[in-house]
Structure formats: structure tokens, C-alpha cells
Ligand SMILES: Nc1ncnc2c1ncn2[C@@H]1O[C@H](COP(=O)(O)OP(=O)(O)OP(=O)(O)O)[C@@H](O)[C@H]1O
Ligand SMILES: [Mg+2]
């Protein structure tokens, strides 16, 4: 009976999730790994590793091995995967023996990297491993009827990349990927605060600002937020009050690039499917779907209904876990 255990892994730039059929999301942690630089030993992964960032002695580094939607450090990625698989198997106990695994690889990964991800998962004891494309997993996880001959449009806004895909009859009709995601928005905020206030803030502060008072380009009731950073003039800690309209400005350029990418994919759509898009609209997944005002903004700009998946941060993981039953049809999308 253990043979039927099915596990889905979303190997994301920002977050790594593990989904098990029946139990749902069993693990959801930042894609960070802490390593002893002398012995190359893994000291911590996920949340624990993220909390070590910037606070470690010289012989320990906490890194994000995936960046801009691609694997920046393969060795670290595979170490992180192995550690996560061990954590997951502890959670599942016996049930984790010889699971069938579907992994969602970052969009920019090469076939060699995909093969290596597959091997890394296999070496953790998996029976069968498949690799699936991120937008397809996102669409399945968001409950879109991907097997039907209708246009399912999914826009997955992750930490590293945004993927736009039109899926019909189990396959990708057209898709595009831009290296703009939550990380770029955070960078925009860091730069803005440095230029306007001469204050340096860290990535985590920038992310908090984005989540709290970041807005898509729409008119809204202004909010403010107090933040702390380092004054670049005298080096001392400084408190600054930021307005949501400033942050909106700071991320606007990236938001417009994102819009362009969605527009051009929709323009590539075969005419027979265009009607579906007008009726059915597009589905937003990924953490970026939670940005304030994004639904209203996109539906005004592209003039089709815009939906947000029920749990956008989990769509890809849920989709990978559920995709085993589609895998024959989706073989094209695997290595
Ligand atoms: N409430 C929010 N508002 C705006 N952005 C958010 C919010 N919550 C999370 N995010 C952002 O979503 C991003 C993470 O999303 P997600 O977990 O889907 O990415 P990922 O799958 O790891 O990355 P990728 O798909 O690019 O490999 C982060 O940049 C995070 O800051
Ligand atoms: Mg993702």
C-alpha cells in the first residue's frame, strides 16, 4: 500500500514546498541553506537557515541557491533538496518509503539541471520522479480544467520569475517567462529608500514594506509605515516613515514590464482560444498575486476577468502533487 504515496515538490526561488496526497502541504520553508564553508556540511535549511542570514561567524554562510528563477548554485540546491526530503520523510514516517515524486523545476533550468534535480530526488529514495513545468503545475493547483480544450491562462508571479502560460487540452499553447518577481520589487524598494532618504535597508525589511504598503499602480487610500535602516551619512540606525504612494512609485516600472509580458502572451494566443480568455479570464498564482491592488489593476489594464487562486503561494506545490494522474499527457513537458 505504500507504493501509492505521491509527493509534490515546488522547488521555488523563494520558497520550497512539499505536498503529500492526503495530508496536503507538509512542509513550507524559505529556499535557504546554511553551510559550513570548511567542511561543506549542511547546518540548517529553510526557516532556520533564513534566520541565520547575516548573523553567522565567518565559517558559516547562509545562501539562496536559486536566484532569478534559475539554479545559481547547483551543489547547494541539491544539498538543500536532500535535507528537505529528509525533513519531509520524518513528517510522513513510514509512508514516505519509495514515494512517487513530481518536482516543479524553476523555469529557467536547463535539461542537464533538470536531470540533476531528478537524480538528487531519486537518491533520496524516490521510486519514480517526474519534472513538471511551473505554469502547468500552477494551473492544476488552482483547479483550472487543464485537460479540457479551453484556454486556461495562468500568471504565476514568484520570487524570481513571472510565468504567463495558456494551457489547453493538457498542453502549453504559448507561454513566456520574465525575470521579474517579488525579488525585483524588493530591490526597487531598497534602491528607492537609499536614494530618497540616504538610508540602507535589508532585503527582509524591503519585503515587509512590499507586503504591507506595496501597491499595484491603482489609486488607493494612502498608508504609511515606519521602518528602520542604517543612515548612510553617519552610519547610525535611523527611522523613516514611508508612504504607500512612494513605494508604488518604486515598484511601478517592474509592474509595467510584467504587464507587458502578460499582454504579449495573450496576443500570441490562437484566435480560436481568444474568446475563452475574454469569458474565463486569467488566474493569478504565486506570492505576487497577493500584492495589494493587483487584481483590480490587471483587470482594468487587460480588460478580462482576473481571478486569484485560493492559496496562491501553494498552487504550484498542490499542482505538482496532483499532477501524477496527468503525467502521461504532460510527458512532453518533462525531461
Ligand atoms: N502579501 C504579499 N504581497 C506581495 N508579495 C508577496 C506577498 N506574500 C508573498 N509575496 C512575495 O511572493 C514571493 C514568493 O512567491 P512564491 O513562493 O510563489 O515564489 P517562488 O515559487 O519561490 O519563486 P519562483 O516561482 O520565481 O521560483 C516573494 O517575493 C514574496 O515577497
Ligand atoms: Mg514558484
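Placed from the backbone N, Cα and C atoms, the Cβ positions cover glycine too.
Residue 207 (ATP binding site) is surrounded by 20 other CB atoms, counting those within 10 A of its CB over all protein chains shown. According to TrEMBL, the feature ATP binding site maps to 13, 14, 15, 159, 160, 161, 207, 208, 209, 210, 287, 288, 289, 290.
DSSP assigns residue 13 (ATP binding site) to coil, not to a helix or a strand. Neighbour density for residue 160 (ATP binding site): within 10 A of its CB lie 25 other CB atoms from the protein chains shown. The binding-site residues 13, 15 differ in how many other CB atoms lie within 10 Å of their CB, and the one with the most is 13.
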